[in-house]
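K.L.:
Summarising the annotation, Swiss-Prot assigns domain 'Fe2OG dioxygenase' to 219-320 and lists sequence analysis as the type of evidence. The jasmonate binding site annotation in Swiss-Prot covers 225, 350, 354, and the record cites experimental evidence as its basis. The feature 2-oxoglutarate binding site is assigned by Swiss-Prot to 227, 229, 311, 313. What Swiss-Prot lists as Fe cation binding site is 244, 246, 301.
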């Protein structure tokens, strides 16, 4: 049996998912205490630290794809755009989209409402403190391993779908417009995700709605993780978020378009993403890699920090219904192309990152079936 699966069962049996293994320290509080050095828990091993070369923006960037004209009443209507998305999903696992249909004013309002929330006094934010059971609320770590290395970030996690998990009482009530703005923002990103899913299906020669059906039709899951990366006294020693691939289906990121931070691993090189104004960054998650039998790739990425400016980003996750098995689609497997992954529900799959924290691509790769 796979060791990672054993670890997850042990952690769950012990009940350690009900509370954090040690007192939570808010990274924002550390940053605002004018530290001259970095606490040991946030210092990454030398092999994981960003280098000066990797910090600097390069001429290389993830693809930027203009979606204007792609979606019409008659269906998907532009083969050139479709081909660019297909190439990005197979070669990069990441791409930016412009003319995506979400109003720039809504994007700005969403980001600035959350920035205002994180600027609230710590005591006010503690009202929303989370636990590792669901991660819902205000948090500062991933994984429940005692003494584990930590990332230089705080976050807020909330559910948007299914509706029975969407609880406004667990959403911040300040600033006054935040609930209304995030509710509208979530609805718009659910629509955008559904449109992109149609493209992903069609590009594999499948029915437009095949991926959506595999995710549970209208019963999909959607959630939002808002990341706050404070200034860091020694950014060359730390990471805002350790290398990982996203465990869910698809991620749509609203980046901080004033401060670079997201890096994508391409051919063993870390590429610093340069956000295009009012673009979303889309990336393939592990569940779509599994459904496509590894035709589409989830890709390792991380976040670097800096000593001069804070960063705020919003990661929207579009996920399968949590209790249905996800496995390679029958239309994409054959005698010559057997299924690479066994069936597993998303509930089972995401326990790994909730217990172990970010671990590169080790989780999805550990489930590859032996040939």
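Indices start at 1 and increase along the chain as displayed.
Just so you know, glycine gets a Cβ as well, placed from its N, Cα and C.
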K.L.:
Which residues, same chain and not among 227, 229, 311, 313, have a CB within 8 angstroms of the centroid of the CB atoms at the recorded 2-oxoglutarate site?
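P.N.:
My list of surrounding residues reads 153, 228, 240, 255, 256, 261, 303, 310, 312.
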K.L.:
Excluding near sequence neighbours, so keeping only residues 6 or more apart in the same chain, what lies with its CB under 8 A of residue 225 (jasmonate binding site)?
P.N.:
155, 156, 157, 314, 315, 317
K.L.:
At the Cα level, what's the spacing in Å between residue 244 (Fe cation binding site) and residue 350 (jasmonate binding site), rounded?
P.N.:
13
K.L.:
On the DSSP side of things, how many residues of the domain 'Fe2OG dioxygenase' (219-320) fall into helix, strand and coil, could you say?
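P.N.:
Its residues fall into 9 helix, 44 strand, 49 coil.
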K.L.:
Determine the mean pLDDT over the domain 'Fe2OG dioxygenase' (219-320), rounding to the nearest whole number.
P.N.:
96
K.L.:
Can you tell me the CA-to-CA distance separating residue 227 (2-oxoglutarate binding site) and residue 301 (Fe cation binding site), as a whole number of Å?
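P.N.:
So the Cα of residue 301 (Fe cation binding site) lies 15 Å away from that of residue 227 (2-oxoglutarate binding site).
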K.L.:
Spatially, and counting Cα to Cα, which of the binding-site residues is closest to residue 311 (2-oxoglutarate binding site)? Options: 246, 301, 350.
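P.N.:
Nearest candidate: 301.
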K.L.:
Name the one residue among 229, 246, 301, 313 whose Cα is closest in three-dimensional space to that of residue 350 (jasmonate binding site); these are the binding-site residues.
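P.N.:
Checking each of 229, 246, 301, 313 against residue 350 (jasmonate binding site), the shortest Cα distance is to 246.
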K.L.:
Across all chains shown, how many C-beta atoms besides its own are within 10 angstroms of the C-beta of residue 313 (2-oxoglutarate binding site)?
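P.N.:
Looking across every protein chain shown, the total is 26.
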K.L.:
Would you work out the biggest C-alpha to C-alpha distance among 227, 229, 311, 313, the residues that bind 2-oxoglutarate according to the record, and give it in angstrom as a whole number?
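P.N.:
In whole numbers, the farthest two Cα atoms are 9 Å apart.
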K.L.:
Test of understanding: give the count of other CB atoms lying within 10 angstroms of the CB of residue 244 (Fe cation binding site).
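P.N.:
For residue 244 (Fe cation binding site), the 10 Å Cβ neighbour count is 20.
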K.L.:
Provide the number of Cβ atoms within 10 Å of the Cβ of residue 301 (Fe cation binding site), excluding the reference atom itself.
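P.N.:
Summing over all protein chains shown, residue 301 (Fe cation binding site) has 25 other Cβ atoms within 10 Å.
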K.L.:
Taking the Cα atoms as reference points, how far is residue 246 (Fe cation binding site) from residue 313 (2-oxoglutarate binding site) in Å?
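P.N.:
Per the Cα atoms, residue 246 (Fe cation binding site) and residue 313 (2-oxoglutarate binding site) stand 15 Å apart.
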